[in-house]
Amino acid sequence: MMASVPVLEIRNVSKHFGAVKALTEVSFSLEKGEVHALCGENGAGKSTLMNIIAGVLQPTEGDVLVDGAPVKVTSPAVAQSLGLGLVHQEIALCPDATVAENMFMAATNRRRSPFMNYGRLERDAQVVMNRLAPIDVRRKVGDLSISSQQLVEIAKALTLDCRVLIFDEPTAALTESETQVLFAIIRDLKAQGISIIYISHRMAEIFSLCDRVTVFRDGRYVSMEKVADVTPDDVVRRMVGREITQLYPEKQAPAERTDEIILSVRNLGDGSRFTDVNFDLRKGEILGVGGLIGSGRTEIAEGICGLRPVIDGKVQLHGQRLRARSYAQAAQAGVVYLSEDRKGSGIFLDLSIAQNIAVLDLKSLTGPLGLLNSKAEADRAHNLVRRLGVRMGGIDMPVSSLSGGNQQKVAIAKQLAVDPKVILMDEPTRGIDVGAKSEIHRLLRDLARSGIGIVVISSELPELLGLCDRVLVIHEGTVAGEVEGEAMTEEAIMRLASGIGGHNNSKASEHAA
């Protein structure tokens, strides 16, 4: 019996950017109706290969075959004509267009008629969108949350007549319930004979969804195996080329704990997204904040650091009232915030590493005539990138040239430049590979041990449990409860996040008198 011909095959593909070899003679195959995981650390070459398949990049050497026949995928339009579709990790939507317009943009570009039936377009878009979430397709994309925009990105791909769909970290911005809906759709696509390439750093997803797993490391093919024949530890070892002995650093020892309150939040509310929020942050502590996406976690952080107006309550830093009417005022006082949208508002991709680090504290780097002291800027950048272990070609390199993990380190360095007392971090390891996650976790613990108070907002329960000393859980804009010690379990957090157990501010309220 003859073996089936792969629907997609990559043979000995290399890709060079000048002297840099992003891919070196990699091979990959995808069978009809298969969900095939592609794993590797950031910088392993996964995205480069996907961009070659999608027609964004052209290979330096090697072949791409569809149904056994060599093809030249010279553009995204050619890729679509071959039935190859890509769901980007980084959202690639037009914010000023509606959801429906974004979903069918590729299809409308192929129309020969100058007229568009918007009523039909919106009806068709709503049918597809409802498979994922009840998002009104008449809304502007720019008005949606990050998680909703990610769902629109996925829905956009479902409108294409694809035989192969590539999902690049599709669940990074999704809730658990949204993730399960996506998994059901992927399984349905598989049953229809559509083939899926699934890129993810989340081992639980790979082992529940995928048939085979291929690993790249440093731009080279490492292995391809059936998921049933390997363990998550096996895959991680192949990805990093070394043992990761401990993903999370040791938590605060009892002797390290202090009762010194560095940040106190009392009865905080903005009149719409959150109300009556109470909690304390101790010096040197990592305080986790859990809850469903949309529960108000991000908005609370924005209210504390001047990015969102508040109408009720107060914030105190070292016992003194913090009246931050702008982020600049909060940062000057010593409270900084790292956005969940790293590339949208956390860093400036086109600026150099040194410029990014300097941007929050330009005043101290300028002389009496308003001229920038380039030596002082460079010295500060060198000190911080050395302290944080940023892997780079030099501080004059654009941040866009770095991997996701190193971009996040630069975002942290930017905040450290103002010598903060408190750091609020929103999804600090989203879209970062397992090795870089471990480095970020250790960095945060080191910063906490230096006396900084850290708040970590995360949708990853293992991260909350493994990294944080305590976890506050937000439900519908207020603190539903707090867990610590042996009570810190995934079940306890999910119960509170789902509204089971009621709103309990008792621990935070003990300090409110």
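Note: Cβ is positioned from N, Cα and C throughout, glycine not excepted.
Here Swiss-Prot flags G40, E41, N42, G43, A44, G45, K46, S47 as ATP binding site, drawing on sequence analysis. The domain 'ABC transporter 1' annotation in Swiss-Prot covers 8-243. Feature annotation from Swiss-Prot assigns domain 'ABC transporter 2' to 256-501; the stated evidence is sequence analysis.
K46 (ATP binding site) carries a helical DSSP state (H, G or I). Annotation note: G40 (ATP binding site) sits in a coil segment as assigned by DSSP. Other Cβ atoms within 10 Å of the Cβ of E41 (ATP binding site) number 25 in total over all chains. For K46 (ATP binding site), other Cβ atoms within 10 Å of its Cβ number 26.
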